[in-house]
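Heads up: the structure comes next, in structure tokens.
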Amino acid sequence: MSLDITQVVTLLREHDLLTTVNTAVAQQTFQHVSYNSKTVQPATLFFCKGNFKPAYLTDAKTAGATAYVSETQYDEGNGMTSIIVTNIQKAMSLLGAAFYDYPQNDLFIIAFTGTKGKTTSSYFTYGIERTHTHDRVALFSTIDRIVGNAPEDRFKSDLTTPESLDLFHDMRHAVNNGMTHLVMEVSSQAYKKDRVYGLHYNVGIFLNITPDHIGENEHPTFADYLHCKEQLLVNADKCIINAETDHLADIYYAAKTTTQPEDIYLYAREGADVSMPLKLDVTFKNTNETLHQSDFQVTGLSPKGRALKVDGSYELHVPGDFNESNAVSAIMASALSGTSYDDARTALTTVHVPGRMEMVTSQDHGTIYIDYAHNYASLKALLSFLRTQTDAGRVIVVVGSTGNKGVSRRQGFGKALSEEADVAILTTDDPAFEDPKKIAEEIDAHIDHSRVKVQYVMDRKTAIQTAIKMSDPDDIVVLAGKGEDAYQKIKGVNTPYATDVTIAKQTVEEL
Ligand SMILES: CC(=O)N[C@H]1[C@@H](OP(=O)(O)OP(=O)(O)OC[C@H]2O[C@@H](n3ccc(=O)[nH]c3=O)[C@H](O)[C@@H]2O)O[C@H](CO)[C@@H](O)[C@@H]1O[C@H](C)C(=O)N[C@@H](C)C(=O)N[C@H](CCC(=O)O)C(=O)O
Ligand SMILES: Nc1ncnc2c1ncn2[C@@H]1O[C@H](COP(=O)(O)OP(=O)(O)OP(=O)(O)O)[C@@H](O)[C@H]1O
């Protein structure tokens, strides 16, 4: 892979991003691109972005960077080619795609956004596409990034949607590994930070939106959050929208700005209250639901919905009524890539999503669910589903909340616990630089104590043990918020943590 200075300048000019360019030498070719001085090699085009310090440019130059792209001119860059732009994130995304030779052109890309269900729906789609493509599908999710089928092609993600240079690097890697399809999650931050600027998807899916990710370092307002999420549809050839989402009209019109109505698909559960007079294309209904499994029936309603050929019954071994809706989005998205009903039906029976609705059973105590629910909407959806499945026992929830972000979640947890839980064991999540006890007290301030018994057990492992030990066989114990996280973010350090599933299993074994 390489990029020469003429291509850089042309591309930036075409997109009206170039302010000035001062070339150090006439002909310059870049063999590497980087936004981190620690990874710079000779002949690197270096990007100065974010909370950047000029000293990083000195480091980059010393390591062999020959040019830098930046919104500001730096003395530290004297002797290098300086490429000054109006928007570094957009420039980085465009140049990243060009450097890696537009790998997106060789991939059928299915992209999900939504406040909740992105990871789950992406795993469902990945499972279906694995069957359909005979294992030639990549996955960029919050949990894992999978760029091939060898063990070394699978690694943990640091962000839901990677920084643009990493994104295009990994796409190229996937294409070189023979991948033909990509399933990816696109966070609202990805649009806020232009990590996916210029990227188009074959299919874009909008799952739902509820207030979240609003605050310092995220979105200033809900309107900004909604706008960022809608950009996924604006950049998709075909759009699938969950018609049960809040703000449907706004979302539909965003899709319509660039996509013909014939290519916009709406789905909803049978009997759902759809808030605008639009015709559904696909509907679904539950036919059998237990704590372990969901059976549901999908029906095409409109001519284009029927043309997807997704009609029929499906079996999902990831419980939760909300997961039926996630599965329908995956079925429709895969159908648009040419997947057959049989492939989708077969794949969904075996699909597993790490840290989502994981179940651990015990003999003399309750059934334990480990789930990534970490805001009001998800905890409410999770607990109300579990509540409908248990007539006798109590719902015991172990939960904390993150520090220095998503502060509104604390109130949301208090509300969801008041509405659906019997016992809340307040504990530590990822406290960052905050005191976890104070976070727990903030959750507690929103709990209705006439309905919910509250305990504080700040060590998460002890909290889990306490919850399991206090449970009776017909109780349900929910370990919420961390999914399969193997760390706790404490004072800027990812402190190793055994995972909720491991601790739950160990506790059960030791009982
Ligand atoms: C607010 C935000 O978007 N921050 C992201 C951003 O940070 P940044 O550009 O300021 O980078 P930085 O780490 O402060 O460093 C500044 C620059 O100096 C460079 N540097 C640094 C040290 C050095 O020695 N040399 C050097 O060159 C860094 O490589 C970087 O380019 O770029 C970094 C990668 O380059 C990201 O890790 C970081 O995400 C932060 C950690 C984060 O957690 N963001 C969250 C809010 C996020 O994006 N979440 C969404 C999911 C939530 C949702 O659904 O919306 C996601 O997609 O994951
Ligand atoms: N469609 C849905 N509606 C409401 N809640 C959901 C839905 N799907 C999943 N959930 C709940 O949200 C939790 C997180 O799900 P998932 O990881 O799939 O969402 P996500 O959009 O990737 O979340 P995040 O942005 O927080 O990573 C699940 O563990 C489950 O409790």
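Placed from the backbone N, Cα and C atoms, the Cβ positions cover glycine too.
In TrEMBL, the feature motif 'L-lysine recognition motif' is placed on 429-432, out of the ranges 213-216, 429-432, 469-472. Its Cβ taken as reference, LYS116 (ATP binding site) is surrounded by 22 other Cβ atoms within 10 Å in the chains shown. Between GLY114 (ATP binding site) and LYS229 (N6-carboxylysine), the C-alpha separation comes to 7 Å.
Cβ-based crowding with a 10 Å cutoff singles out THR120 as the top-ranked of the binding-site residues THR115, THR119, THR120.
Within the same chain, residues at least six positions away from GLY117 (ATP binding site) with a Cβ under 8 Å of its Cβ are LEU207, ASN208, PHE322, ASN323, SER325, ASN326, SER329. Break the domain 'Mur ligase C-terminal' (355-483) down by DSSP state and the numbers are 47 helix, 27 strand, 55 coil. Between the CA atoms of LYS229 (N6-carboxylysine) and LYS116 (ATP binding site) there is a gap of 12 Å, rounded to the nearest whole number. Note on LYS118 (ATP binding site): other Cβ atoms within 10 Å of its Cβ, all shown chains, come to 25.
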